[in-house]
């Protein structure tokens, strides 16, 4: 009987530990990675002639605005972004991603 109780106690102690040992979910791409990916897409569009100089300038201007806003957000919170800040930047990056796609596929050539 004593063995059963100690086995049960050990199982109860180890159960929560085993749940923490699970593999974490893959992390979301960081803001910096998205910036790099979008810059690469812009570069590819320029190289292939899918983006005109005007389209590229407008996209780069918008990207610079997002970067400036991010720097301001980080300055307010000692170099960190709040959850709301990340959501705001993510929305802005989504909008720019759609603009890059639209401009690359609008049949204008340089």
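Glycine too: its Cβ is placed from the backbone N, Cα and C atoms.
In TrEMBL, annotation is done automatically, which means it is predicted and not curated.
As given in TrEMBL:
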COMPBIAS  29-53  compositional bias 'Polar residues'
COMPBIAS  55-74  compositional bias 'Basic and acidic residues'
COMPBIAS  80-110  compositional bias 'Basic and acidic residues'
REGION    27-110  region 'Disordered'
SIGNAL    1-21  signal peptide
>> As a quick check of your reading of DSSP, tell me how many residues in the compositional bias 'Polar residues' (29-53) are helical, how many are strand and how many are coil.
In response: 19 helix, 0 strand, 6 coil
>> When secondary structure is assigned with DSSP, how many helix, strand and coil residues does the region 'Disordered' (27-110) contain?
In response: 64 helix, 0 strand, 20 coil
